[in-house]
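**Student:** Per Swiss-Prot, the feature S-adenosyl-L-methionine binding site maps to Gly58, Trp60, Asp78, Asp94, Asp119; the stated evidence is sequence analysis. Annotation source Swiss-Prot lists active site, proton acceptor at Lys159. If you look up Swiss-Prot, you'll see 223-247, 279-298, 496-546, 587-660, 788-821 marked as region 'Disordered'. What Swiss-Prot lists as coiled coil is 366-402, 464-502, 739-796, and the listing cites sequence analysis. Under the heading compositional bias 'Basic and acidic residues', Swiss-Prot lists 496-512. Residues or ranges marked as compositional bias 'Acidic residues' by Swiss-Prot: 513-528, 536-545, 610-624, 633-648. What Swiss-Prot records for 788-797 is compositional bias 'Basic residues'.
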Amino acid sequence: MGKQQKKHSKGRLDRYYYLAKEKGYRARSSFKIIQINEKYGHFLEKSKVVIDLCAAPGSWCQVASQLCPINSLIIGVDIVPIKPLPNVITFQSDITTEDCRSRLRGHMKTWKADTVLHDGAPNVGLGWVQDAFTQSQLTLQALKLAVENLTAGGTFVTKIFRSRDYNNLMWVFQQLFEKVEATKPPASRNVSAEIFVVCKGFKAPKKLDPRLLDPKEVFEELGGGNESKQNNEAKIFNPEKFSSQRQRQGYQEGDYTLFHTMPIMDFIKQDDPINQLGSLNKFDLPAPKDDDNDDDDHDHEWKILSKLKLCTPELLECIKDLKVLGRKEFKMILKFRKQARDILGIDKDEKEEEEENPKIEVEPLTEEQKIDQELQDLINKQKQKAKRLKKNANELKQKEIIRNQMNMLTDMNIGIEAAQIGADSLFNLKTAEKTGQLDKLAKGKKKMIFNDEELAKDNEIHIDEEEINDNDKDSADELDELENQLDDMYHQYQARKAERDANYRAKQARGDADDEAWNGIEEDNDDVESGKDYEMESESDDDDDEHIRLIAEKKSNGSLSRTARNFFASDSIFNELSDDVILEEIENKTKGSNGKMVESIQEQVANDNNENDDGDNDEEESDFEIVPNQKSDDDDDDESMNSDDDEVSTTTKSTTHQQKVDLATVEAMTLAHQVALGQKNKYDLIDEGINRYSFRDKDNLPDWFIDDEKKHSKLIKPITKEAAIAIKEKQKQLNARPIKKVLEAQSRKKLRALKRLEKIKKKSDLINEDSGKSERDKADEISKLMKKLNKKQKQKPKTTVVVARGSNRGLSGRPKGVKGKYKMVDGVMKNEQRALKRIAKKYKK
């Protein structure tokens, strides 16, 4: 007998066929899953549980058993039996039945699958449309099993055919997985219509709509044939353009013929002529009447219609082949149909039905109804406006929440407080015009000049002093309130800045070292002098009235201004002031000095007390508690001249004071060098402390103004190169110190070494106490223990960098004299690195 040869249909015996034979795979499809696995991140190597649906003959299970980790669970299912495979569980079942689900759950217990594979296909051969739909149904059933058994973030790989259900399946995949891609591996034949879809990142929804996996819902046809209607319209109104394009429509389901006909009378009576003209090939005329047949209505109607003028021989020839007609011929057929329907009365019947059902006329509205309707419209508009405002408010609130979450804490309320106050307090001409006082109001001093006639009529000008005082009080109160609001806003700004900036918090904690200590209150005659100046100005001004000048003098005679009185009244120190205690303190300070000076001070204080008692006794009746001042350094030196203990105490005080000083700035280091080298002494430092910024008046000034002035009211002190180098070296020493984590790690390492040493000591003691061993054996065992203690970790070999120049240029192998790992570098790589940095810097901007 001759040798039987295998058929080479569709190139089945290609190189993958022979490779599968060599590798021992059961089918050439093994290389499909291998190529998919390599393309999509080696997901099989990370899978502990794998399910292979429609696994026969088991080639994909073979690949999974080789690539998956050891002791992985691999389950293969198919409707046909599968020969046993090592490390693979196989059973025979239909994946569309409940039996398959229960058996899968029995094998998996409480586990979830990391990967589900599906390479199944139905028995093909019935028809392409039917085969593709069956494959889509099978894929949906496999997806249903995968959804039940996949873990969150799992992978699903399936085979599908490109058909009209492909997009529906892809939409379902995208609802359940984060990443969905279609691919065709090289091992798949080009003539095959199969493609593979890889779905990664299973979302694992808690609730799943059952319609998402129902074939009736997923593969439901949408549109209702609108596309065919549009195509038919194109065939009728633009047949030349439509006929020039290739139509890849195929056959309709259940209709596998290309030639369609219809009786002419049915075409006339139907309501969709365009669709019929586009889909039919021919209209059949009524057959001649036989003697055996009864009278037919269609024959009678056609006899009437055949006598029309539009029923020409050309028309009868055109209806025999509709596919070759143009726009002119189709219009002729439609005109004939319209005339035929008019003669047969088909359109008249429809008009009569419309006449039987007359249209309902709307009666005009009355005046009251119109008013009610307008009111209702206004109410509806108001509701819509309120709804819109509410929506805008919600949007603003949402934006504010987002701004707070992103730490965009810019104060948007700056100026609102001032606007609320100023809107009522500012002068407005409109309000003055409404009250009729606009003509009486004047601007500046010119309108305050009185004419001689007016003075003759009114010899005495009566001005209510209480009204003037009230106006002054109101304006002063407003100014005080504005100042308080500015102070509050500045404090809020400081609090916000302290929350954001740690350096600012530290600066606030340290305080301002430049601020001088408060040494009490000295009497000042600034207010009196200002009152005198004001008096001189009022006398020199000829335009002012004498009565107004007298009132101004009376107001200026007060000892303190309003702000000063508020300051002294708010401070508890001045409320508790006692003159007797002050006198005692002055006596103690001036003891041993000239007695006349003491007596003069006492007399002066007594006179001041008498004057103040006549004025305001209630404000100064409280007590004042004074803490005695510390003794000066000179007094301490005088008193402790003969005592050694005091000398020791002073030296300890000076040493502690020196320890607190930290030379952290270049200016401080420069000053320390100058003092140490004798370039400056104590008196030079005192002279430098007196400058144009030393005695600047800061009383009654707001904090925000003082803080802003401090930034600029500073002397720039000279520095030296040696001081800068010293500070730099100091910073280097600080930076050289390891961080806290490194110190903790080193201490933990030492602690572990000490623990190991303690263990070795205990073991060595036990070895020494063992009398059954010789001294040599004891020494050997103890030396072995010490070797374990001193054992160091292996260091990784360093990579040697070899420059490709000279003899190494163009070298393909290992350079001479280089051992271990090495890396070849050249000038091109350096230029490339520079270019990459330059590009990154460019796009960073």
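In case you wondered, yes, glycine gets a Cβ from its N, Cα and C as well.
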**Student:** Let me make sure I understand the span of the S-adenosyl-L-methionine site: among Gly58, Trp60, Asp78, Asp94, Asp119, what is the greatest distance between any two Cα atoms, in Å?
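**Tutor:** The two farthest binding residues have Cα atoms 18 Å apart.
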**Student:** So, by DSSP, how many helix, strand and coil residues make up the compositional bias 'Basic and acidic residues' (496-512)?
**Tutor:** 14 helix, 0 strand, 3 coil
**Student:** Near Asp78 (S-adenosyl-L-methionine binding site), which residues of its chain come within a Cβ-Cβ distance under 8 Å, counting only those 6 or more away in sequence?
**Tutor:** Leu53, Cys54, Ala55, Ala56, Thr90, Gln92, Ser93, Gly120
**Student:** According to DSSP, which kind of secondary structure is Asp119 (S-adenosyl-L-methionine binding site) found in, if we only use helix, strand and coil?
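**Tutor:** Once the DSSP labels are grouped into three classes, Asp119 (S-adenosyl-L-methionine binding site) ends up as coil.
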**Student:** For a quick check of packing: other C-beta atoms within 10 Å of the C-beta of Asp119 (S-adenosyl-L-methionine binding site), how many?
**Tutor:** 22
**Student:** Would you find the one among the recorded positions Gly58, Trp60, Asp94, Lys159 whose Cβ has the most company, meaning other Cβ atoms within 10 Å?
**Tutor:** Trp60
**Student:** Could you tell me the mean pLDDT the prediction assigns to the coiled coil (464-502)?
**Tutor:** 78
**Student:** Roughly how many Å lie between the Cα atoms of Asp119 (S-adenosyl-L-methionine binding site) and Lys159 (active site, proton acceptor), rounded to a whole value?
**Tutor:** 5
**Student:** Could you give me the DSSP helix, strand and coil counts for the region 'Disordered' (788-821)?
**Tutor:** 5 helix, 4 strand, 25 coil
**Student:** Tell me, by DSSP, whether the residue listed as 'active site, proton acceptor' is helix, strand or coil?
**Tutor:** strand
**Student:** So, in DSSP terms, is Gly58 (S-adenosyl-L-methionine binding site) helix, strand, or coil?
**Tutor:** coil
**Student:** Distance between Gly58 (S-adenosyl-L-methionine binding site) and the residue listed as 'active site, proton acceptor' at the Cα atoms, whole Å?
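**Tutor:** Approximately 16 Å lies between the Cα of Gly58 (S-adenosyl-L-methionine binding site) and that of the residue listed as 'active site, proton acceptor'.
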